[in-house]
Amino acid sequence: MVDSKLTIADRSFSSRLIMGTGGAGNLAVLEEALIASGTELTTVAIRRVDAEGGTGLLDLLNRLGITPLPNTAGCRGAAEAVLTAQLAREALNTNWIKLEVIADERTLLPDAVELVRAAEQLVDDGFVVLPYTNDDPVLARRLEDAGCAAVMPLGSPIGTGLGITNPHNIEMIVAGAGVPVVLDAGIGTASDAALAMELGCDAVLLATAVTRAGDPAAMAAAMSAAVTAGYLARRAGRIPKRFWAQASSPPR
């Protein structure tokens, strides 16, 4: 039996679905969704924790046995992201950080130059860095070379629900990566999550697709099943695509 655990740096997780917390209507709805998802690792925007105290969310994650993964959401440059990561380390007593360095508010796309700069500084400072990046195989390689513990390419821009708009690039990132690849951003529904795993990703990170769904808990359960199905399909090996039909049973 193939080991189904997700291993990043020195930690292993039974679930390959990483959840975000943004967009949830309230903590009760979020709790139901987190339980249904089976996630063991959930992102927390450190700015929101600072601004709102964050005790309710952090207490919820602690009660559910879910590891919080602080992120630098909203940061617009390397210096700001590094400072936010350092604050997160002090506040949550963890050296894990989901690194986000955004170029602008309209697209929410990563700023490649500032992202690599921040990643290098944080790795040197002892962080386990998980960077949110563009679907660019070259940039993914640069981030891995900088010492990142995983690379997290987007499927499409944050919150768009467009799914994976450039699957070939995701496949190229997977083929060239020596660290786990986590599809991050753009997931709209369960089939998108399954496709990410079929393309070879090691995990999927999503938030909006669940927190803003009509029934967040039901969608979380669907996403969990989709990630598992996609992972198993990838391991099983799909049949090759053919131009012409081929009978499944030999002719008499």
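Residue numbering: from 1, along the chain as shown.
Keep in mind that glycine also has a Cβ here, set from the backbone N, Cα and C atoms.
Going through GLY147, GLY159, GLY230, GLY237 against Swiss-Prot, the one listed in the 1-deoxy-D-xylulose 5-phosphate site together with ALA185, GLY186, ALA207, THR208 turns out to be GLY159. Residues GLY159, ALA185, GLY186, ALA207, THR208 are listed as the 1-deoxy-D-xylulose 5-phosphate binders, and the farthest two of them sit 9 Å apart at their Cα atoms.
Of the chain residues outside the 1-deoxy-D-xylulose 5-phosphate site list GLY159, ALA185, GLY186, ALA207, THR208, GLY20, PRO157, ILE158, THR160, GLY161, ILE187, LEU206, ALA209 have their Cβ within 8 Å of the site's Cβ mean position. Nearest by CA distance to LYS98 (active site, schiff-base intermediate with DXP), out of the binding-site residues GLY186, ALA207, THR208, is ALA207. It is ALA185 that, of the binding-site residues ALA185, ALA207, has its Cβ surrounded by the most other Cβ atoms within 10 Å.
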